[in-house]
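Inspection log for the structure reproduced underneath, given as structure tokens.
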Amino acid sequence: MGETRDNDAYEEELLDYEEEEEKAPDSVTAKANGDAGKKGYVGIHSSGFRDFLLKPELLRAIVDSGFEHPSEGKFILSFFSIFQHECIPQAILGMDVICQAKSGMGKTAVFVLSTLQQIEPTPGQVVALVLCHTRELAYQICHEFERFSTYLPDIKVAVFYGGVNIKVHKDLLKNECPHVVVGTPGRILALTRDKDLSLKNVRHFILDECDKMLESLDMRRDVQEIFKMTPHDKQVMMFSATLSKEIRPVCKKFMQDVMFRGQYYLNLEIERGSCSLFSLWVWVWSGPMEIYVDDEAKLTLHGLVQHYIKLSELEKNRKLNDLLDALDFNQVVIFVKSVSRAAELNKLLMECNFPSICIHSGMSQEERLTRYKGFKEGHKRILVATDLVGRGIDIERVNIVINYDMPDSADTYLHRVGRAGRFGTKGLAITFVSSASDSDVLNQVQERFEVDIKELPEQIDTSTYRWSATMGKGGSLSHSVLRKILLSYTYVAIWIFLSFTVIVYNKYILDKKMYNWPFPISLTIIHMSFCASLAFLLINVFKFFEPVSMSSHLYLSSVVPIGALYSLSLWFSNSAYIYLSVSFIQMLKVLMPVAVYSIAVLLKKEPFKPNTMLNMLSISLGVAIAAYGEARFDTWGVILQLGAVAFEATRLVMIQILLTSKGITLNPITSLYYVAPCCLVFLLVPWIYVEFSVLKEISDFHFDFLIFGTNSLCAFALNLAVFLLVGKTSALTMNVAGVVKDWLLIAFSGSVIKDTVTPINLFGYGLAFLGVAYYNHSKLQALKVKEAQKTTREAGEEAGSLLKDTQGQETGTSNTESQN
């Protein structure tokens, strides 16, 4: 779909990896105008991105991404490669480039950085066009442009591909024309033919995985037609991991010997730290720069351990199960040869309780991208895929690739195993060999790339293929990971502070000994009105959040009941502050998992488990002991708080039944947008009968905008904090933060508000807390537990038979599914 860049920090960052000293490969040759090579650059070990004289904004984005310059004769990051050292200085001068380099060497960074370096954005003009053969790759390239242009807010980037209503793309081009367009040939050609996309100002024409697009005659025709719509005077860059000698002349036909103009930005340090920015224009007469890894043995990936396993077709599932149990992986990609086999294998893995996800051409584009993003963000650790994701897709945490089905060629093998060992990191590739044809392909791989692939040993050293996602060289935390940790703690601190503030503020307003405004329904109405108004502005005016598509029937049947429960929960909860201490209310709230589990069992959404029920009873016993020791026990207040817990637990279960099961997910802001109006309607009735007449009789009451305004603002800010905390960390982190917040409130209640907190209180709450901790631990462990070996074996044999039946079907899918 077409999407322009949000200039706020993108949530994803590449991690720093373990690295090793490397020597520049001898086989990289740079050719220009028939010369043997280009010399005279500073040695790679003493240069970095700053030596390319990039714009300061680009350098800042590079540092933010965790990429450092090499120093002291060692690679700080293996991302920086010899071919980048050759390519980038020429590319930023506007020279045409043909580049073949192994997977993981950072080819994308070459054209992204060089393009952003040269762009001078003009409103309404597309100046750079990037074409690639799959939608997933287009999405990824667009993200790289967005990431490196974070500090270039005037540059807009958009991605266009099939599977999305073309009207969406046309509207985007009409209303907010991007400067950089990334897309697949089919959709770009459609937009240009309809005169919605003008390419007359394109100065940079880029093909990624160019061999895939130019080898296919149909796709080549599309590329040629698009190319003819661009100006004659432009820069052309082509990149691929595999580029046969037959396709190289085809690439050159898109290029020519031209006089080109490039621009360097120079930062000159002046005395006392001041600096000036100068630009230097350079005119050069040259043909395309060609960088090839001529020795194909060098195409195999540094740091990648490769093994094979000989077995029969029926033994594959059992062996795969054993491998996933035994191997220590961050994330793993399992390649199969057809759509049907991908679906069946993924189904088998899920039946065996493996956290897998499947991507293939048989699913909708929206679903493919959603799953790809989920896997990239680490929500799933196992990906079953066809060759659709075998090229160009960068998922940094993948350290193992398993060829469940042998690829049909050595080139495809290279692209597949290249998903592991990205950017020179460690990785492991395991290939199943089950037929004579499989053995032939394996022999071709070994001969062509001069690599000795040995049979998988009984035991394999984890250190040979596992890199640490959190440690840099010498075991120290990397800059980017440290920043992520600090951000996570910051989100937790913000949430704890706001939750703490709202609770104490509500207590202050409602308590008769403090502000003495005992009208909980009125306070809730004020909160809901304020929050609903702000949510409306954020969604409809400022467009910070996307509204959820919802029919009136769905709203009335699903959202309205949830709103009713929410209003009752808030009313009862706020009312309890009039009668109970802050510390005791927090102790009673510990019953929430008990209520949620009990209601889920009653509604048959959870199975009854004796062990879990005993766990719930232990939590309840702890709360009962805390209640027994409460010095300020009030029966009416306890009833109100327990009612609030019951209504809130019912609301959480009903969200699962009425919304989540229908594929509708509401974040805290969209939830306020849709639910708050319902709450206001439901609260008006009890407010009229319970509080309105009393408020009319208070003649001296003056509405304090400062008190109620700041109180409502804190309540809304708390919803934003929940959005950040869960969105940037996890719901588990929020649960842990909630425990910290409860203990802080208990300490505050006793020390500042002077509520009496007895030893029996603390003992009871401590017991309840241990019960909640054990419950959360049990839930986490349940996600990791595998089914019994007998069940696994039976499921494996059944799925193996089914896969064997479909083995010969859709054999052409892997060759065609990457097309648009």
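Any Cβ shown, glycine's included, is placed from N, Cα and C.
The model shown is predicted, which means the values in this text are computed figures rather than measured ones.
Annotated compositional bias 'Acidic residues' per TrEMBL: 9-23, in sequence order.
Sequence annotations record features per position, and here TrEMBL assigns compositional bias 'Polar residues' to 804-820.
Per TrEMBL, the feature domain 'Helicase ATP-binding' maps to 88-261. Confidence for the domain 'Helicase ATP-binding' (88-261), expressed as mean pLDDT, is 87.
Marked as domain 'Helicase C-terminal' by TrEMBL: 319-464.
The region 'Disordered' feature in TrEMBL is assigned to 1-32 (among others).
Among the features that TrEMBL reports, region 'Disordered' is placed at 794-820 (among others).
Summarising the annotation, TrEMBL assigns transmembrane segment to 486-505 (among others).
Residues 506, 509-511, 567, 570-571, 574-575, 577-578, 669-670, 672-673, 676-677, 679-680, 683-684, 686-687, 690-691, 694-695, 708-709, 711-713, 715-716, 719 of the same chain sit 6 or more residues outside the transmembrane segment (517-542) yet have a Cβ under 8 Å from a Cβ within it. Look at TrEMBL and you will find 517-542 (among others) tagged as transmembrane segment.
Taken from TrEMBL, the feature transmembrane segment applies to 554-572 (among others).
TrEMBL lists 578-600 (among others) with the feature transmembrane segment.
As annotated by TrEMBL, transmembrane segment applies to 612-629 (among others). For the transmembrane segment (612-629), same-chain residues at least 6 beyond its ends with a Cβ under 8 Å from one of its own Cβ atoms are 584, 587-588, 590-591, 593-594, 597-598, 638, 758-772, 774-775, 778.
Residues annotated as transmembrane segment in TrEMBL: 635-659 (among others).
Beyond its flanks by at least six residues, the transmembrane segment (671-689) meets 521-522, 524-525, 528-529, 531-532, 534-536, 539, 545, 547-548, 550, 555, 559-560, 562-564, 566-568, 570-571, 716, 719 of its own chain at Cβ-Cβ distances under 8 Å. If you look up TrEMBL, you'll see 671-689 (among others) marked as transmembrane segment.
TrEMBL lists 701-725 (among others) with the feature transmembrane segment.
Positions annotated as transmembrane segment by TrEMBL: 759-776 (among others).
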Cβ-Cβ under 8 Å with the transmembrane segment (554-572): same-chain residues at least 6 beyond its ends: 520-521, 524, 527-528, 640-641, 643-644, 647-648, 650-651, 654-655, 658-659, 662, 664, 674-679, 681-683, 686
Contact check, the transmembrane segment (759-776) vs the transmembrane segment (578-600), 3+ Cβ pairs under 8 Å, seq sep 6+: yes
Positions on the same chain near the transmembrane segment (701-725), where near means CB under 8 A and six or more residues out: 491-492, 494-495, 498-499, 501-502, 505-506, 509, 515, 523, 526-527, 530-531, 534-535, 667-669, 671-672, 695, 733-734, 737
The domain 'Helicase C-terminal' (319-464): DSSP-derived helix, strand, coil residue counts: 64 helix, 28 strand, 54 coil
